[in-house]
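These features come from Swiss-Prot:
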TRANSMEM  63-83  transmembrane segment
TRANSMEM  85-105  transmembrane segment
BINDING   228-229, 265-273, 291-296, 321-322  S-adenosyl-L-methionine binding site
Amino acid sequence: MAIKQNGRAHLSSDIDFIRTPEAPVDSLSTGKNPGVPSTNSPAIKNAPLPADGPGYEQWSNGFLVAALLGIPQWLSWKLGGGLKTAIFLSIFTTIPVLAVIWTVMSRYSPRINHDVKLPGRPVEFYLTFKSDSHRARWTGTHKIPMATFFELYFTGQVDLNGDALEVFEYRHDWATFNFTSETFRYILFTFFPDVVLHLRSQDEEQVRTNYDSGNDHYAWFLGPRMIYTSGIISDPTREETLEEMQDNKLAIVCEKISLKEGDTLLDIGCGWGTLAKFASLNYGAKVTGVTLARNQVQWGNDGLQQAGIPEEQSRLLCCDYRDIPEDQKFNKITQLEMAEHVGVRRLTGFFRQCYDMLENDGSMYVQVSGFRKAWQYEDFIWGLFLNKYIFPGADASTPLSYYVGCLESAGFEVKSVDTIGVHYSGTLWRWYRNWLGNADKVKAKYGVRWFRIWEIFLAYSTIGSRQGSATCYQIVVVKNLNSNHRIDGVYSQYGLHGALAAAKAAGKNMLPK
């Protein structure tokens, strides 16, 4: 796959950025009330059918544990054995029992609620299969497992009857979210080994395979800011541009850590260096950005140079986070959606490394994606899709409590947390439209399969982050030391300031006499 332009990585001057296209018209709408109130904000893709699927409410951890322990015990009893025999048999029964229970529960559990009324259209209204066997198997009310659909769509064996995002808005009408045999094979032989190992060589290969796909590839949906993290909506009553949303986010990051002139800032997983440039120009910070992707470093350092920022002030380095000298101290540290690539097993150690590199009076901004505890089976199917096709090796998307626990175990104190899932949905909606607008270029260079994988990723992620399947957290932490002057942090507790300002503006900030 070519990633070079005239012998070097693509730089901003090589890219013809487009203006984000208008959103496609919903041609699948029933025109009927879905059964629940809907939104009408121009800032996001509003949901026409926000249905809940089966999930945690029908799940029983007690039943699972009983089956895992009881079946080998029962087999041992039938064979005339004892506890040691049961333990030995459990080696062979654990995975089959897990597979059977997850398959049955994901296939036959009812929806959490039926507040949203599904249109009840046949599968063929939404999908056109290329083979007779597929048409015969998935027709009428016989829905296709979503995991199966992915591979059929990417290999051209099925087409969507409309815009991908719109068809996915009605996915409960044509798809199920049950686990398949292929799902378990992937979990067992790819996902779990990645989670357990997370070797340095493995991380390097996965990151470079992903983020060194080609700067042009990312430019075709990220736009001129080249930021692969969520932007921020400042006004839900209008459709801000992608660039406005990303500038909003960059300003918020800098303000939340009270960045000031002369501060040394370490940006771990710096991407194409846009935050480094923003912080250098607007705040006079001295920024060191690190990433494993060579193309990102070339793009970012070129951007710093074009902006007139001397290398002595700010620069990007191509290195592993584990190679950052721990004896070097920084006033501030930022990491935007990088921790997911560290792995759940290594998070606390990674945060401790950050702790050791941070000045005692410094602060760290952590932006991480997460999943809800009140899960639905769809969330798992979507998460595995991300791991398989988009972010190989990224397994650290967890509920908020896990991140907080890791940060506190590393010695930090949480100063603030904001949930920005709906902002991510708005960002992804714009990325999706950019991707469609560059469809011909993508297909010509990377092929139809590649285009379709990212088409579904961006479309489905727009929905997932809007409905809560996944979200994103902005967490600001400081060192939990007695000598920390916490009063200085009051100035940047913007959640408190915003709430109080709203009350004052409404004249509701005092108890009436």
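Including glycine, each Cβ sits where the backbone N, Cα and C put it.
If you look at the transmembrane segment (85-105), the same-chain residues 6 or more away from its ends with a CB under 8 A from one of its CBs are 54, 58-59, 63-64, 67-69, 71-73, 75-76, 79, 178-180, 184, 188, 377. Sequence-distant neighbours of Y228 (S-adenosyl-L-methionine binding site) (same chain, 6+ residues apart, CB-CB distance under 8 A): Y218, L222, G271, W272, E337. According to DSSP, G269 (S-adenosyl-L-methionine binding site) is assigned to coil rather than to any helix or strand. With the fewest other C-beta atoms within 10 Å around its C-beta, R322 stands out among the binding-site residues L266, R322. A C-beta separation below 8 Å, combined with a sequence spacing of at least six in one chain, links G269 (S-adenosyl-L-methionine binding site) to V290, T291, Y321, Q335, L336, E337, M338, H341.
Other C-beta atoms found within 10 angstroms of the C-beta of N295 (S-adenosyl-L-methionine binding site) number 25, with every protein chain shown included.
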